[in-house]
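According to TrEMBL, the features are:
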DOMAIN    33-270  domain 'Cdc23'
REPEAT    331-364  repeat 'TPR'
REPEAT    365-398  repeat 'TPR'
REGION    559-583  region 'Disordered'
Amino acid sequence: MAASSSVVSVAAAAAAVPGVSTSADFSDLRDIKKQLLLIAGLTRERGLLHSSKWSAELAFSLPALPLSELQPPPPLTEEDAQDVDAYTLAKAYFDVKEYDRAAHFLQGCNSKKAYFLYMYSRYLSGEKKKDDETVDSLGPLEKGQVKNEALRELRVELSRKHQARGLDGFGLYLYGVVLRKLDLVKEAIDVFVEATHVLPLHWGAWLELCNLITDKEMLKFLSLPDTWMKEFFLAHIYTELQLIEEALQKYQHLIDVGFSKSSYIVSQIAVAYHNIRDIDKALSIFNELRKQDPYRIENMDTFSNLLYVRSMKSELSYLAHNLCEIDKYRVETCCVIGNYYSLRSQHEKAALYFQRALKLNPRYLGAWTLMGHEYMEMKNTSAAIQAYRHAIEVNKRDYRAWYGLGQTYEILKMPFYCLYYYRRAHQLRPNDSRMLVALGECYEKLNQLVEAKKCYWRAYAVGDVEKMALVKLAKLHEQLTESEQAAQCYIKYIQDIYSCGEVVEHLEESTAFRYLAQYYFKCKLWDEASTCAQKCCAFNDTREEGKALLRQILQLRNQGETPSTDTPAEQLTNLKHASSPQL
């Protein structure tokens with residue numbers, strides 16, 4: 001047995017189980033299960049409940065171990081034995097959130113486990129006091145004045161211990177959290193990387209590191225341990241950085257090696273599809289996840305976003321009622337209810353529920369962003385700006401907050417501000433056509449027409465979600481009297497909206513047919529002009545123009561006018577195809 005005096009020192013979590021290594025190899029799932037069960041226990045003992053839950057869920061997805069292979073808990077050291085009474089009492093106080101009381105009884109303890117709980121209790125006590133002060137004031141000015149007073153003292157003590165190499169993996173994790181809270185990001189990243197080397201099984205350290213990585217370049221320069229946990233980290237960070245193809249490949253690999261029953265992986269795949277707006281696929285996976293884990297609350301706010309986008313009112317209502325029965329005081333539940341009221345256009349009620357979510361967790365990203373959207377709907381731009389800025393403060397990678405700020409400043413007619421925020425949103429979502437169209441509109445307002453054209457064309461090239469990029473590009477060509485290019489854009493637009501097979505009313509359809517009718521009329525292409533003019537007659541706003549043009553064409557034909565052959569033959573074929581009877 002691994003009866004070492006430093007059970008939780010360098011690589012101790014792995015060493016505590018005979019024959020267990022944390023290599024990147026997935027060939028021995030039994031060893032991996034032993035590691036997960038071990039770390040679930042170690043994190044639970046230290047009050048790191050989210051990490052414990054993550055490890056336990058992942059262990060549950062793997063095949064059960066026979067009795068002969070189940071490991072006893074790591075043996076106590078001499079220091080653990082001396083502190084066992086104080087630790088047991090303090091842990092009881094800690095579990096009922098009496099953090100100051102827990103810390104008081106742990107003073108002077110020497111074991112690593114008791115020391116961690118002592119420092120962690122002090123940290124959580126400071127956080128609780130800060131949250132209590134901010135619970136009734138969520139504005140940025142009030143929030144900025146409230147600090148966790150314990151952070152500076154904790155930093156000094158943990159720094160001293162760190163320099164003396166007295167911190168184990170859990171201590172390093174807490175030191176990193178304190179540094180992050182003090183906005184010492186570079187130092188925090190270094191400490192979290194060290195924590196992953198010392199204790200690679202602790203998911204909390206990986207997750208904290210993930211929250212500090214802002215782009216793929218930063219990721220390249222990190223010296224991470226070569227362990228199977230790194231694969232979960234990379235899959236997660238790829239999802240966060242919107243590198244969805246790479247993330248899905250990682251998750252598929254994890255499923256293939258034996259984690260197919262993991263509800264965590266299934267939910268992450270659903271979130272990945274949500275991020276690339278593959279709504280049908282994401283909805284399908286979430287529905288399967290609900291059958292597999294009906295009382296799950298994590299990620300259900302993301303599921304509600306999808307139901308909202310699809311306007312699935314009854315399904316969203318059922319989800320909201322169901323989550324209320326499970327736990328009405330969870331941030332995800334409040335966000336789901338907020339989405340439900342938003343879908344019913346009850347924006348004041350929706351904003352109230354997002355505020356409730358933030359009282360439960362002031363750092364909950366989704367609630368800040370969604371509250372910003374509601375304030376936008378209520379035309380309260382100053383409150384929307386505050387909410388979006390809070391979202392960015394929580395996570396600078398939230399493209400929705402940057403995009404929301406751009407939209408808010410657009411309403412305020414401040415195009416230079418818009419440009420900055422839309423650029424940030426585009427950097428985070430380079431292949432999202434909505435960001436590119438918004439950027440193009442900004443450039444247009446600033447009379448930077450070359451850049452605007454590039455944005456619209458790029459939006460079309462990456463797959464225009466709202467089918468508006470070509471129309472905007474055509475109008476820009478029209479404005480610059482580039483009639484042939486404008487006509488080509490309108491032709492492509494007409495082809496696209498009819499080739500998708502959806503019977504949807506497109507507001508700019510009549511505009512496209514009107515321009516093409518006039519364009520072909522000028523080119524003396526009577527057949528094509530006549531076809532487009534007939535299409536104009538199907539729309540209220542262009543009916544009279546269409547009829548007038550048809551009369552002119554008939555008159556000119558009777559006078560014996562000959563058609564021109566200036567326009568390329570391919571263009572004519574395309575238009576005839578787009579204007580076929582199926583339209």
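A Cβ is built for glycine as well, from the same backbone N, Cα and C atoms used for every other residue.
Note that the structure is a prediction, hence the values are computed from the model and not measured.
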Handout entry: Residue distribution over DSSP helix, strand and coil in the repeat 'TPR' (331-364)
Key = 27 helix, 0 strand, 7 coil
Practice task
Tell me the residue counts in helix, strand and coil for the repeat 'TPR' (365-398), as DSSP assigns them.
Solution key: 27 helix, 0 strand, 7 coil
Problem - the repeat 'TPR' (365-398) [mean pLDDT, rounded to integer] - result: 91
